[in-house]
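So that you can see what the record holds, here are the features copied from Swiss-Prot:
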- 6-45: repeat 'WD 1' (REPEAT)
- 50-89: repeat 'WD 2' (REPEAT)
- 140-179: repeat 'WD 3' (REPEAT)
- 202-241: repeat 'WD 4' (REPEAT)
- 244-284: repeat 'WD 5' (REPEAT)
- 322-365: repeat 'WD 6' (REPEAT)
Amino acid sequence: MSLHQFLLEPITCHAWNRDRTQIALSPNNHEVHIYKKNGSQWTKAHELKEHNGHITGIDWAPKSDRIVTCGADRNAYVWSQKDGIWKPTLVILRINRAATFVKWSPLENKFAVGSGARLISVCYFESENDWWVSKHIKKPIRSTVLSLDWHPNNVLLAAGSCDFKCRVFSAYIKEVDEKPASTPWGSKMPFGQLMSEFGGSGTGGWVHGVSFSASGNRLAWVSHDSTVSVADASKSVQVSTLRTEFLPLLSVSFVSENSVVAAGHDCCPMLFNYDDRGCLTFVSKLDVPKQSIQRNMSAMERFRNMDKRATTEDRNTALETLHQNSITQVSIYEVDKQDCRKFCTTGIDGAMTIWDFKTLESSIQGLRIM
């Protein structure tokens, strides 16, 4: 595991370029900083300044090498690099509340933006007018959209929101998409069609993170009531929900067709397994804490603790986990959702950690990525 402390401020969100030599992140303000890897060091290469509100989402398209950002100023920008300089293009989102999340589609010909306006803007490039325009998915969303993920077919879109529900919509746009083939989620896919809806029957919480599996047949989401859920469209949309004993999880990603990594307020990534029988189980925490050493205190330390912390005990305030505060985002670092070898986490502590499954499997007894 490699940990890099980028900032003292929280990292709101991040995105990697195609070959993982650069990372774009927001230091909890209206800027995007792009860091470049030089040996074992990360050096700041660019600062993207166009937003005038907090940046809430970043995504970097691997093939076209374009960055999309969205923010609390209700705007989104598509950034393209020309002669080593990143130039922004404004996107017409048509929203009256903050944008909360942004994600490129797999073919990179459109992207989706969630917002506090209780809608999703699906944006595509209109070449005759030379600008990015959007279509809105509104019904039946009743609250802020917190998270989005695209199905591999480039048409279906999963959305988690503050009305305690996780939904799958069709984001088919005839101007840029070919007619989609039938999927286990459904066959008729006009724009805005609600394909599936989960949660919200008296229980649940805000849906913080959603993730399709590599096949697109499974959908995982994490909610503020400390639950992890997986829906399997190939098993007539059977839902398995696991109520965990942990603090709420904020981000989730499939790392194989049967394995899910999630992380959040416990400052530690966790591995869950979903087997072919439809059973969802907790496997292990992936951050193995070092054993704390008991030691005797001097009288001087005892009095200092009484003065500073109103206690006579030697309480170390550092957490045993690598991250010292909540993890806000999990992303795939090496390979893909089908066969992830390494994944990355960033958090409120301003740190970025890269986790290697091979190293984890050797240090955690019985750990295997299925």
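Don't overthink the numbers, they just go from 1 along the chain as shown.
Glycine is treated like the rest: Cβ placed from N, Cα and C.
Here the repeat 'WD 1' (6-45) sits apart from the repeat 'WD 5' (244-284); fewer than 3 CB pairs are under 8 Å, leaving out pairs fewer than 6 apart in sequence. Within its own chain, the repeat 'WD 2' (50-89) is flanked in space by residues 12-18, 24-26, 28-32, 34, 95-104, 108, 111, 113-115, 121, 123, 131-132, which lie at least six positions past its ends and keep a Cβ under 8 Å from the stretch. Note on the repeat 'WD 5' (244-284): DSSP counts are 0 helix, 23 strand, 18 coil.
Residues in the repeat 'WD 1' (6-45) partition by DSSP class (helix H, G, I; strand E, B; coil) as 0 helix, 20 strand, 20 coil.
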